[in-house]
Amino acid sequence: MPPAVGRGPAGSELRPRRGRCGPQLTRAVGPDVAAELTARSPKRPARGSRRFEAAGRWALLALVTLLSFATRFHRLDEPPHICWDETHFGKMGSYYINRTFFFDVHPPLGKMLIGLAGYLSGYDGTFLFQKPGDKYEHHNYMGMRGFCAFLGSLLVPFAYLTVLELSKSLPAALLTAALLTFDTGCLTLSQYILLDPILMFFIMAAMLSMVKYNSCADRPFSAPWWFWLSLTGINLAGALGVKFVGLFIILQVGWNTISDLWHLFGDLSLSVVTVGKHLTARILCLIVLPLTLYTATYAVHFMVLNKSGPGDGFFSSAFQARLSGNNLHNASIPEHLAYGSVITVKNLRMAIGYLHSHRHLYPEGVGARQQQVTTYLHKDYNNLWIIKKHNTNADPLDPSFPVEFVRHGDIIRLEHKETSRNLHSHYHEAPLTRKHYQVTGYGINGTGDSNDFWRIEVVNRKFGNRIKVLRSRIRLIHLVTGCVLGSSGKVLPKWGWEQLEVTCTPYLKETLNSIWNVEDHINPKLPNISLDVLQPTFPEILLESHMVMIRGNNGLKPKDNEFTSKPWHWPINYQGLRFSGINDTDFRVYLLGNPVVWWLNLLSIALYLLLGSIMAVAVQRGARLPAEVEGLSQVLLQGGGQLLLGWMLHYFPFFLMGRILYFHHYFPAMLFSSMLTGILWDTLLQLCAWSLASSSLARGIYAVGLLSLLLGTAYSFYLFHPLAYGMVGPLAQDPRSPMAGLRWLESWDF
């Protein structure tokens with residue numbers, strides 16, 4: 001067999017070789033022939049040939065990168081109005097510029113980078129980002145879009161280099177680059193102010209860094225080895241710092257690291273000390289370094305966002321006290337709760353608010369027709385309560401009475417300051433939540449009955465301890481029924497002013513719905529202290545912010561008639577997502593993957609599972625494969641296996657999620673499937689070429705197959721590019737539309 005048969009037109013090699021840090025492997029001609037040819041060849045031409053080959057590789061990388069940037073930055077300024085989630089992430093970038101505190105379910109790094117890009121490009125943070133379709137007018141939005149497009153453009157060269165490192169095949173890397181360059185979905189996601197291009201940038205950078213340090217395995221602890229290992233950790237911190245789904249690439253790197261360490265542990269030529277050094281290096285670079293950087297992003301986040309804003313109500317009272325402009329900031333109130341104090345009681349569950357009552361009664365047929373008790377998100381005089389002893393009506397503020405502090409386990413009564421009715425519960429059913437008891441305001445001028453008595457408990461504290469404002473987490477247990485005061489979070493009808501339902505639950509399970517803290521505290525008999533001393537420490541702030549984000553993510557449930565998608569829709573490109581415009585007069589942008597690319601990826605996954613299984617069984621059974629086939633099988637099983645694992649880790653976990661899901665969640669997995677497609681088809685074409693006896697025919701089959709794939713993806717991009725760059729005129733359902741013939745699935749509503 002001539003040497004050229006096993007190689008593609010760009011000089012791909014059949015057998016894998018070590019990375020730049022390792023020795024060059026022999027070509028498919030075999031080690032003996034290669035050694036003989038090397039001995040006979042003059043040194044200068046060989047060196048010149050290597051230089052020419054290296055220059056060609058760099059030129060091809062430059063071409064791939066240039067094409068990626070050209071497609072991503074083309075018509076970047078269109079449309080000049082808000083598209084889809086730009087209304088969220090552009091607004092959050094403005095919050096960073098204005099240093100205004102806000103809440104989001106994602107970690108802060110991506111929004112901080114968007115805000116920084118806007119600030120450096122001259123955006124002043126004054127655009128409101130109210131709703132999709134609002135025109136940017138004179139506001140400078142191109143810096144933020146350009147930043148996202150820049151990171152989105154780098155995905156293509158990153159994927160190219162990753163596949164090149166895994167397969168040592170330029171055609172495989174080139175095919176991967178073409179799939180991603182000509183995918184309309186990746187293009188669309190890269191052109192707007194979104195977190196997705198930032199997330200995918202760090203995911204691909206982490207993957208590339210990982211395969212690079214794997215290639216340096218024969219030179220451990222060298223400078224390149226440390227560089228790529230450390231860069232992997234930095235990119236892991238970046239991926240997790242943008243979205244929590246960055247955890248999936250952490251799992252992949254973790255699996256690779258465990259496998260690597262396991263093989264090192266089994267290498268008896270290495271001492272235990274050396275194995276310990278390897279373990280320590282990975283702990284430092286892949287655990288300590290990422291955690292340090294991830295924590296540092298939050299330190300910057302809280303330092304920058306120091307002004308009161310729309311996110312205050314999602315966090316605890318102690319947290320709010322650190323925000324300039326919040327009514328708790330620089331305030332002075334008594335530290336410990338005492339009888340006679342006027343207080344507000346805040347629920348610790350996100351977006352529940354303050355215990356509240358007003359003079360309106362529950363309507364007929366809704367439990368007892370007594371005064372309504374609700375929770376209310378905003379500051380109001382009707383949030384004020386007076387804390388009193390359960391067995392006396394004496395005024396605790398009388399100067400003749402000594403101060404008596406409220407302690408864990410005390411029996412108390414809460415009297416509503418504005419209406420003088422007591423917080424009350426009984427066996428009547430709650431208005432909305434079945435099997436919970438109704439909570440009302442009852443009595444006249446503080447005089448009621450035994451159903452007004454509550455036992456106050458501090459969570460995780462012992463009897464006798466005083467109760468601190470802001471910091472103590474308390475529960476109120478009804479003395480007669482044994483139920484616990486809480487808020488269901490359900491919105492009451494108009495008769496309840498659309499405030500949130502308060503119930504008394506007989507189920508004593510400890511949840512945030514039933515945990516409260518004292519926020520405002522007025523007692524003239526007690527000395528005031530500055531709330532600065534009660535502000536939480538940074539570890540407490542960090543923990544609280546993560547708890548709030550996790551609850552926020554869990555609360556993202558689909559609403560009635562809200563568009564959503566299911567994970568099984570995504571790989572088949574079942575339905576896209578409108579970024580801009582609905583009517584035929586609108587400038588319409590539609591997120592949809594290039595169907596040729598996506599369906600080729602889906603076919604490739606199925607073919608890989610089949611071919612990979614056959615090769616794995618053959619290798620496991622000790623079958624003697626020809627050298628060329630053995631080299632290809634190693635590339636397919638090892639390199640392709642890494643990419644299949646990446647696809648699975650970034651796709652299948654979404655089937656377990658209860659939160660609302662959208663089509664764009666699949667794109668990190670799509671990157672891995674495209675890289676797998678590049679390796680698979682290059683391997684298949686090389687196997688076809690190897691099986692043919694004629695060298696010229698083999699070269700022709702390989703070239704025609706590769707060229708067909710490249711031209712097919714490019715032509716399909718030419719057909720579908722209006723989806724990404726924008727369409728006007730009739731909708732695709734109209735036969736007059738130029739896109740009418742491209743509506744291959746009924747579910748595509750562009």
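Here the Cβ of each residue, glycine as well, is placed from N, Cα and C on the backbone.
As recorded in TrEMBL, the features of this protein are as follows:
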- 1-25: region 'Disordered' (REGION)
- 109-129: transmembrane segment (TRANSMEM)
- 141-161: transmembrane segment (TRANSMEM)
- 192-213: transmembrane segment (TRANSMEM)
- 225-255: transmembrane segment (TRANSMEM)
- 279-300: transmembrane segment (TRANSMEM)
- 334-390: domain 'MIR' (DOMAIN)
- 403-459: domain 'MIR' (DOMAIN)
- 464-521: domain 'MIR' (DOMAIN)
- 596-619: transmembrane segment (TRANSMEM)
- 639-662: transmembrane segment (TRANSMEM)
- 669-693: transmembrane segment (TRANSMEM)
- 699-720: transmembrane segment (TRANSMEM)
Contact call for the transmembrane segment (279-300) against the transmembrane segment (596-619), three or more Cβ pairs under 8 Å: no
Tertiary contacts of the transmembrane segment (141-161), as residues 6+ beyond its ends and Cβ separation under 8 Å: 61, 64-65, 67-69, 72-73, 76-77, 80, 90, 93, 113-114, 117-118, 120-123, 127, 173-174, 176-177, 180-181, 186-187, 189-194, 197-198, 200-201, 204-205, 207-208, 671, 674-675
Contact yes or no, the transmembrane segment (699-720) and the transmembrane segment (109-129), 3+ Cβ pairs under 8 Å, gap 6+: no
Cβ-based contact of the transmembrane segment (639-662) with the transmembrane segment (109-129), 3 or more pairs under 8 Å: no
Residues of the domain 'MIR' (464-521) by DSSP state, where helix covers H, G and I: 6 helix, 27 strand, 25 coil
Same-chain residues at least 6 beyond the ends of the transmembrane segment (596-619) whose Cβ lies under 8 Å from its Cβ atoms: 179, 182-183, 185, 571-573, 625, 633, 636-637, 640-641, 644, 647, 670, 673-674, 676-677, 680-681, 683-684, 709, 712-713, 716
Residue distribution over DSSP helix, strand and coil in the domain 'MIR' (403-459): 3 helix, 29 strand, 25 coil
For the transmembrane segment (109-129), sequence-distant contacts whose Cβ falls under 8 Å of one of its Cβ atoms, 6 or more beyond its ends: 82, 86-98, 136, 139-144, 146-148, 193, 195, 198-199, 238, 241-243, 297, 300-301, 304
